[in-house]
């Protein structure tokens, strides 16, 4: 059985390596490049903040869930037209999110028979734009 499988794999590999690769004509390559450009332009151009996972930990307690999703602008979230520009937040808002909390060791802390809940405040990016890197304060 193993020998037959080896022979089949070898034949497929041999045929694939001997058969000449089909070259794409210019019009096809151009159309593929154009489709890729439009996909990037509409999906990852700087402008709309992208969701990112942020882990939340403190030294004295664990939080449940251990992470949250915030929207961000940045190099990994959006593209700018020029290499001298950087995608940064144009507008931001404060968001209040509630988590269950428990000590590092042990069960949920209960107060009056209820699970403990704690509010955390985060900054969410709501709009992005491209800025010349020379104009970004360090």
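Glycine residues also receive a Cβ, built from the backbone N, Cα and C atoms like all the rest.
The signal peptide annotation in TrEMBL covers 1-20.
Mapped onto DSSP helix, strand and coil, the domain 'Platelet-derived growth factor (PDGF) family profile' (57-135) counts 3 helix, 50 strand, 26 coil. Annotation comment: TrEMBL describes 57-135 as domain 'Platelet-derived growth factor (PDGF) family profile'.
Regional average pLDDT for the domain 'Platelet-derived growth factor (PDGF) family profile' (57-135) in the model is 87.
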